[in-house]
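Colleague: Before I ask anything, let me first share the structure, which is written out below as structure tokens.
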Amino acid sequence: MLYLYLDMIVGLSNTAACAVLCVELQMPSNEPYLSTSLQDLWGRRWNLTVTNALWHTVYKPLKSFLEPRLRATWGAAGAVMAAFLVSRLMHELLYYYVTSARATWEVTGFFVLQGVCVVVEVAAKAAVGERWRLSRAVSMPLTRAIKECKAFVEGLRPKF
């Protein structure tokens with residue numbers, strides 16, 4: 001529901017901005033329901049504005065600092081975990097300012113789990129490499145079905 005509301009609000013705002021200012025706003029997400037993995041969801045599809053900000057302010061600087069001191073995989077893993085923790089702190093701060101409630105830190109587990117899962121996924125992909133892939137007989141029809149579903153969803157969106 002959150003994605004739907006955000007998509008509708010930004011879509012309407014984008015339409016107004018295009019009509020009044022002749023500019024197009026960046027969409028906050030890129031069809032997160034089509035994510036193929038956690039790395040794809042958090043890195044390329046969900047909340048792109050925050051993802052981009054965390055990439056440039058947390059992940060890249062920390063990775064470049066850690067990699068010469070640790071192995072490259074540990075530097076990248078530490079940078080991923082730091083980005084998830086900073087995101088968690090930002091969520092906690094936003095929640096505090098909206099509700100004036102003290103932090104319970106219950107959601108921290110969610111962000112830590114997501115970070116650990118992304119690190120494990122990246123490590124698994126690196127270990128397996130190109131050896132494991134879906135056969136063309138499976139991937140081509142699956143890609144076609146996804147494109148058809150996407151076209152169907154696009155047809156349902158209101159046109160302004």
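Note: Cβ is positioned from N, Cα and C throughout, glycine not excepted.
According to TrEMBL, the record shows the following:
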- 30-113: domain 'Wax synthase' (DOMAIN)
- 1-18: signal peptide (SIGNAL)
Colleague: Quick test of the contact rule: Cβ under 8 Å, at least six residues beyond the ends. What residues does that give for the signal peptide (1-18)?
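Modeller: 24-25, 27-29, 32-33, 157, 160.
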Colleague: When secondary structure is assigned with DSSP, how many helix, strand and coil residues does the domain 'Wax synthase' (30-113) contain?
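Modeller: Looking at the domain 'Wax synthase' (30-113) with DSSP, the answer is 64 helix, 0 strand, 20 coil.
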Colleague: Restricting attention to the domain 'Wax synthase' (30-113), give the mean pLDDT.
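Modeller: Across the domain 'Wax synthase' (30-113), the average pLDDT comes out at 86.
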